[in-house]
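See below for the structure under consideration.
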């Protein structure tokens, strides 16, 4: 009898466990969210419209797939944010610089109205869907600070809406209700600043990771407008000496999330660095801003951490050129970055991407500009260096001529030698072709500087 009750007890325990598993399977149901604009009709170019979606605060969901329902002809880009609080409007004008863009049918307001705003996903240029690694997902709703989703669509061109057209662009999100081991987040490196006509400029930002997390970057995305040549991101360790590439890509290619260049952890005390190299081929100064005529320097890092909490600060920003460059960075211990250790190819498009651009992989006219500038970027840098050297040569020779004309050299032999050297350099410069000038101009500048130094040294010694 006692044996019977023991067997019965074990059977009841097994049945209870089985019931728990079945219940767990029932609650771990798949999730599908369709986030769509409700037939909006913006009337001014470079309109940013936001649409909010309330999440269940009692039941978190875990999203691991994102797919856009739009085309680059309609939406310049789509961003998805998580917010703790939002405004009262269902759809509103959320462009930072568009308060005067004549969109009176949409009230102006920020993306989020509370203190917590984080970017979750970004899409542009017909990028394909994004699938996260196994057991990695974005935690939304529940006890997270993401109580709402806000989808922002940038309508750069509104011609199709001027005659009454509407749009329902948006995103499809797939996931589950069952928790995962690793929670995903997006870290954004961005800058302000501007670039003058005809210039090549590096827009740079750097921030120390000062939270007690271990970040595992697994994807990156670049974003710039038509002036962007290449965006790159790095993790810097060992007090600014050890640089590892996270990713490097031309923003003229489809702007999707790509796997990181190197598998690496980001720990407390490490520095996250972003750089956007741009070439201004238009005849006006271009500022960082929110319209299609402005520029943007964005480097997105998609990462995961163990557990269900992510970084509290997911943004790194600098004022950009001409106000800020990487040589101004200092970490919490006063250390700067060893710029000599920064990879030499930080501003170069990888060879395989150059081929994609040449084969028409760039977007429209922007891609054509990119191809042209990639073909000639190194030559332009060499020409710039050559012009700088030529200026140095001219300046040095002019100083030496002034010395001769002012009769500061009283020794006739020294004057004769100096005249002969000047004639020799003029002859040499006049007979050079451009490639030889590239090779020899540094030496010429050094020779002329040495000649000046020797003159002033002799003058100093002679005056004693």
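Cβ from N, Cα, C; glycine included.
Here TrEMBL flags 1-28 as signal peptide. Feature annotation from TrEMBL assigns domain 'Copper type II ascorbate-dependent monooxygenase N-terminal' to 34-160. Here TrEMBL flags 50-94, 83-112, 207-316, 276-297 as disulfide bond. If you look up TrEMBL, you'll see 76, 77, 154, 223, 225, 296 marked as Cu(2+) binding site. The domain 'Copper type II ascorbate-dependent monooxygenase C-terminal' annotation in TrEMBL covers 183-324. The annotation region 'Disordered' is assigned in TrEMBL to 356-388. Per TrEMBL, compositional bias 'Basic and acidic residues' is recorded for 372-388.
Of all the disulfide-bonded residues listed here (83, 94, 207, 316), the one with the fewest other CB atoms within 10 A of its own CB is 207. With residue 94 (disulfide bond) as the anchor, the candidate binding-site residues are 76, 77, 154, 225, and the one with the nearest CA is 154. The CA atom of residue 50 (disulfide bond) is located 14 Å away from the CA atom of residue 76 (Cu(2+) binding site). Sequence-distant neighbours of residue 276 (disulfide bond): residues of the same chain at least 6 apart with a C-beta under 8 Å from its C-beta are 191, 202, 203, 204, 222, 224, 228, 230, 231, 251, 297, 298, 299.
Note: the Cα of residue 225 (Cu(2+) binding site) and the Cα of residue 207 (disulfide bond) are spaced 24 Å from each other. Scoring each of the recorded positions (50, 112, 296) by how many neighbouring Cβ atoms lie within 10 Å, the top position goes to 50.
Taking CA atoms as the reference points, residue 77 (Cu(2+) binding site) and residue 112 (disulfide bond) are 18 Å apart.
Residue counts for the domain 'Copper type II ascorbate-dependent monooxygenase C-terminal' (183-324) under DSSP, split into helix (H, G, I), strand (E, B) and coil, are 0 helix, 77 strand, 65 coil. For residue 112 (disulfide bond), the nearest neighbour among the listed binding-site residues (76, 154, 223, 296), judged by C-alpha distance, is 154.
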